[in-house]
Amino acid sequence: WLQFHLGINRHALYPRASPMIDQLLRDTQRFNTISADYSQDEKALLGACDCSQIVKPSGVHLKLVLRFQDFGKAMFKPMRQKRDEETPEDFFYFVDFQRHNAEIAAFHLDRILDFRRVPPAAGRIINVTKEILEITKNEILQSVFFISPASNVCFFAKCPYMCKTEYAVCGNPHLLEGSLSVFLPSLNLAPRISIPNPWIRSYTFAGKEEWEINPLYCNTVKEIYPYSSGSRLLNIIDMAIFDFLIGNMDRHHYEMFTKFGDDGFLLHLDNARGFGKHSYDEISILAPLKQCCM
């Protein structure tokens, strides 16, 4: 884990030919878990829940932070739907299911394309009783475990799902498949900044952003710092091409390490809404490429 963190540079998360990544993936799959807890975004929601606003059939908040015997950490996203199940036609992109295998596939595609901007991710079957319930010290997390009518061990996210327990995930009876995405260095050691994507989509049912109605929108972006110079705009286009290939329409922000300045690489985080429609290409994802280069 430390070698992975030390290998981050201004161009990528890890060196091209590093054998350390494959070892890191193996460790993620086999090391014992020593603690489990909610992620920070879930903790921020606890105690301030409006289920009429937050609850969605998407699994967006159903994720846990697992710590391993060597003190490495990874984000666990459970399997929410069958592998061959596609995004329903009536779903908006912002309420789409999060697919654990999309995180894994996105990491491997990012690596094949030589971007190396997605944190390493691997699949693992977790015993939710022994590796989550029995080791967590979070009483709220302990309280959301229950036994289903089929005698399976289930749990749900306390805040977003307390009004909708049918969105819980269940083991079989204890075993649950999911993805584990390796944590980046803490923000105290390696500060990151989150920046709105210039080609952000509208997160309303009927609204449209300027880029969706103005084919010359890129001319405006090119006049704005930091897209007016350096490699930032090119990195945005790279990210759009990557999102097109995985079918991700939900790239509303991007993150960068502040240490590397304006020309550092963009992190390709949170790819679980990709790969939702294997036989459909959403051309609008390529808007940065089309509007800026064609």
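Yeah, the Cβs are placed from backbone N, Cα and C, and that goes for glycine too.
Caution: TrEMBL annotation is automatic and unverified by curators.
Site annotation (TrEMBL): ATP is bound by Lys77, Ser181, Val182, Phe183, Leu184, Glu255, and the candidate from Asp96, Asp238, Asp243, Asp270 recorded at this site is Asp270. Most other Cβ atoms within 10 A: among the binding-site residues Val182, Leu184, that distinction falls to Val182. Per the record's binding annotation for ATP, residues Lys77, Ser181, Val182, Phe183, Leu184, Glu255, Asp270 show a top Cα-Cα distance of 20 Å. Annotation for Phe183 (ATP binding site): same-chain Cβ neighbours under 8 Å, separated by at least 6 residues, are Val65, Gly72, Lys73, Ala74, Met75, Pro119.
Glu255 (ATP binding site): 15 other CB atoms within 10 A of its CB, across all protein chains.
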